[in-house]
Every structure is written in C-alpha cells, then in structure tokens.
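What TrEMBL lists as transmembrane segment is A:6-24, A:53-77, A:110-130, A:142-162, A:199-221, A:251-270, A:303-322. Positions annotated as domain 'ABC transmembrane type-1' by TrEMBL: A:106-321.
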Amino acid sequence: MEQFGMAAVTILIGVFGCVCYFFLSNMALDRIYPATGPNAGRNINRANQIRPWLFMFPALALLTIYLVYPVFVSIYLSFMDATGTHFVGTDNYTWLFADDKFRESMVNNALWLVFVPAASTFFGLLAAAVTDRIRWGNFAKAMIFMPMAISFVGAAVIWKLVYEYRPDGQEQIGILNAVWTGMGREAQTWLTSPVINSFLLMIVLVWIQTGFAMVILSAALRGIPEETIEASILDGASPLQIFMKIKVPQIWGTILVVWTTITITVLKVFDIVLTMTNGQWGTQVLANLMFDWMFRGNDTGRASTAAIVIMLMVTPIMIWNVRNAAREAR
Amino acid sequence: MEGIVGTKSRLVWAVNLCALVLVLLWTFPTFGLLVSSFRDRDQISASGWWKAMFPAEASVQYRAAGPDTAKLIDGLYVIEGNIFDGGPGEVTAFGTSIREPGAHIVGTDVVTDDGEVVTVAGSGDFRISSTAPMEGTRGMRIFATSVTPAKFTFENYGRVMGAEGIGRAFLNTMTVSIPATVIPILVAAFAAYALAWMEFPGRALIVALVVGLLVVPLQLALIPLLKMHNEIGIGKSYIGIWLAHTGFGLPLAIYLLRNYMIGLPREIIESARVDGATDFQIFLKIILPLSFPALASFAIFQFLWTWNDLLVAIVFLGNSEDQLVMTGQLKNLMGSRGGDWEILATSAFVTIAVPLVVFFAMQTYLVRGLLAGSVK
C-alpha cells in the first residue's frame, strides 16, 4: 500500500510540478517583458521568442538526458575496458568480430530481418484484403490484432506451450508435436533443434506484428480512389488482378512504412529470445548478446559495443525517416 | 451473366474461408493457454488442451482397501468403495487383470481365481465379496475404463496470485505503469504545442531530432543511464524507472501529439489570439481538450508498453519482492517452473488480462494512434 501511496504522490508531484512549472515560468516571462508600457511591442516580440523554449524545456531536457546523452556515453564506453576505466582502443570491436556468438547473432539477425517483416507484411496484407470484404470483418480484425496487446513474455509462454515436447509414448500436450506425431512422425524437441528453432521464435514475432501490418494496410487499401477500381472492373480485370496490379502498387509507400517499422522492432527483439531459449542452441541475437554481456558478463565495454552495432543497423532507417519527415514538413 | 455470378459466390466463399483460417491460426495459441489455466496439473499432463472440452476417456487403476478391512455382512466378507473416491466420472468397463483392463461390462459379477466376486457399477462403486475370509496384506487391484466429464477449476488462479507471487507483482506492475503513462503526457503536450503552433528558429531541427530519436534502440541507453542513476543516488528504484519510461516514451508522444495538433483548424487558434488569449490559455483551454483523441492514443500505447515491458524493468528495477514486475516474475517462473504448465499458463494469463481488457475497450484509439504514429 505504501508503494501505491508513493505512486500516487509521484503522479501528483509530476502533474502538479509540470503545471506549476509551465504556469509560473509563463507568468515570470510576462512580468519581465510586460505587454504594456512604452516598450510593449519590443517586449511582446522578445517574450514570443522565449516562450516556445519554456514550453519545450522539460521535454528537451528529458530527451537529452535519456536518449541523446546515452548514445555518446555508449560510444565512449565501447572503447573502454570491462569496467569502463581504461581505454582499450578498438579491442572490443576486434574481439566482437572474431567472436563466434556474435557471428551467430549476425546470421540470426539477418534471418529475422528477412523473414519477420516479409511474413508479417504478407499476412497483414492478406488479412487486410479478406477482412475488408466480409461481414464479420471487424471481429476478424480484432482477433488478428489482439496479439499486439500481449507482452513478449506472455507470447513466449503461449508459444512454448504450442512447441512443448513430451517423450515418445506419452500424450503430446503441445499442439505442434500432436499434429506432427499425428502424421506418424517422431515427436521433436523443437526449441533445441538448430535453425528450425530460430524460425519458431520468429513465428512468435510474426504472430504479434501481423495485426499491426493489417491495421495500417487496411486503412491504406480503403484510401484507394474508387475510380481506379471501377475502371479496372469495366476493363474486365479479375479480382486477383485488381488486387495485385491496381491496389498493391497504389499502397506501395505504406507497405514500405510497415516493412521498416517492423524491421526496427526486429532489430531490437530481445524478450522472446531471452525467455524461450536464452540464445542457446544457435538462436542468439544481437540484443540478447548485449544483455548477456551487460548482466552475466559484467563487461560494459563489450555490451556497449554490441549496442553500437544495433544502433548502426538502425541508422539507415533513422536517416530515411528524418528525410521523409523533413520533406513532409516543407 | 451466370458465369460471373458463379465466380462471385465462389470468391465470397474463398474469402470467408481464408479469413476463418487466419482467425483460427491467430487465436488458437492464446485460447490454448486460457483453457490450460483452468485445468489442474494432472489433466494438463494427461491430454492436450484441445481435448479438455470433451469428456476424457482414461484408464483407471485402483487398489481396494486391504483384506483386513473386510466386513462380515450376511455371512460374506465384503469390501466396498468407489474407484473415483467419490469424484465425478463414469465407468464404461472394468477388469481385474492388467492384461484385460476392460474385459467386463459394468454391473456384471466377475469371479476371480481366488473365488472372490467383484462387481463395479457405472458410478465407480465397487463391491468385492467372498465366502471365505480374504487373505494377503494388500488390496485387490481393479482396472477400469472411465469417462470423466470436462472439468475446470479456478484453483490455479488462487494459487498463482498468492504463493507464486503474481499478485504482488501485479501491484508492482501497476506502480510502474500508471505514473509512467501519466507523466509524459503533459510534458509532451506542451512541447508538441510549441512545435506545432509557435514560430521560432530551429523548430524544424527539433522536429527532425524527435523523429530521429523515435528509433534509437533502448539497448544503447541502458548502461549509461544505469550508471547515471547509481551516481546521482536514484539507483534501482521506482523513481528511476518512471523517469526512464518517461524519457523513452517522449519521442512518440511528441510526434503523435504534434501531428495531431498541427491538423487542428488554424481559424480557432488565430481568433483566440485576436481575442487576446495568451499561448498558455490557448493551450489549456483549446488545444488540450481538442487533442483528446491523440492523448488517449498515446496513453494506450504507453500503458501497454510499460505494462508489457521486460527489458527496462529488469535493468532499472531490482529483483526483490517489492520491485519485481509481472513480466519479470513470469520469466523467473519459466525458469524455475519449466514444466508446470498450470502455473505458467495461469500466471501468463493474469499478466496479459489487463492489456487485453484495455485493448478491447479502447481499440479505436489504438488503431487511430497506429495510423498517425507510423512515420509516413
């Protein structure tokens, strides 16, 4: 209960503090540059130059401390030793590129990067296309979208039950092995069989992300001008042709957005791997490798180096996003 | 024309079927977990959850009470009992030997090699009788094929909330996520207003910075911030995680809110300015109420994210009972209770229940937020 009290007090202090800050700083500004008197015009201009910065100050301060500053510290730490006290040059990087686990992570991340966005976008597009044409479409959408609300850890438990293995002779309680043995094969310990296990982990993320892809793509499909579709129907195009040759090309931009957004999620994927296999049996990925070195290895140098590699992989998308946003603003 | 009509109805069928398959594929894993959370340990290991809805056919092996408990009734030595020990179930066949567990129909009298007469009724009641005193020290084994009706229990929920620590973790998760959802909203709203409706040099640059920060991987921020928290004395505490979640949530908050605010009609704001309203008044009395849909969208995002988060919680909070959140507790249970599916399934369902309720109640806002939030 004490904890709740603290939380409530924090909310109050946070909200009240924010309101006070904005109110008081605003009032102070009006006092310093009053909008009356001989210099009213000049004062108003000055106040208007300062006011935006008053409004933005708390946000900018938090952004700087919690997101900008760590980028530079991480770069710094990646050139330091395990405890961050001695400069070791590029040792961490040479170690990283020679490390077997790192190579394994890079290969796996590459697989994730190809498979997850492709499969999520494909199923999302399929789901958007079919649910827009049926009467119970909204219900179907909600069901496919639902995994978005489930935590990665919760999803890991859900899918671990699907992949559960019982020795031959016992009743299989995992649905995958039940189907598999039903087809007359021998039950498998799926999560410890290399390569296939990585894909089984990817399926969990595809399951979560498809709903996101579906929602965005469904909105885009509905935004397509009716005339183009009517014209193609008059020209005798089949439903499949209309979809592939008329609709998909028109939402290409949105597909790209969905793809890149899922790509970023994939690069940061961590919880699923940590909780289902903990990177064993050839399923290691970069984010989990970084976590390993941070908590189990207690080596801030190597952990930071792994984090920098993730950052470098995200950077092209970041630049692309910023450019697009800048173009839109113009 | 007929041909066209024909293809059309076939297409409708195909589309419906395809949607049905997708929905089933996407819901069966969660449904399986839900069903499992209502079954007890033995049921879970005896059969897959998909069989839980139907009566289960199982072989029962029961050892009757020992010969010394036999009562003398009307000149017969009798042992009576129930092979389900009074529980629900129905016997369809029984036997006295492991080689033929279902050899006899219920209700028939079977004479064993020792001259004892055994009968089992459909309800599981059995009666062993003998004219001579029974010998030996151990009771007779009775085999039966039984049909147990589908049975569900709430016991697991009581157990995980208490003994397995999920109840406590639930409170901890709430302690993390509610302030971490409320605080960034106000901070971001002011900044978003400045970026949308106030003119100043460097505005475009800050907007670009916010867009760029949207995708910065959290992994990069963990070590430096943990070091910083330790140095300034916050350490691993709720204050630390609230600040961290606020900082990490701000780019999306500012981005969403600014995009929404910039679309509000210019006339309203200009006429308020002409009437002498200050920026502060415009923000509080016009922009904030009008931006409710965007505020709600962000609140849902941030709530789901902070509630479901594992990484930030295990880095910025400790492992002690008063700080461990549900995702962390669930991860620990996966390690320590690997095969106890009744515990895992129930715990997992408790952790995902609140997000699911929020999801179904506020789906419109979530969808709207997604559409506005994906960088175009």
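Cβ atoms here come from the backbone N, Cα and C positions, even for glycine.
With Cβ pairs under 8 Å as the measure, the transmembrane segment (A:110-130) is packed most heavily against A:199-221, out of A:6-24, A:53-77, A:199-221. Contact counts against the transmembrane segment (A:6-24), taken as Cβ pairs under 8 Å, peak for A:53-77 among the stretches A:53-77, A:199-221, A:251-270, A:303-322. Between the transmembrane segment (A:199-221) and the transmembrane segment (A:251-270) there are at least 3 Cβ pairs closer than 8 Å, counting only pairs 6 or more residues apart in sequence, which means the two stretches are in contact.
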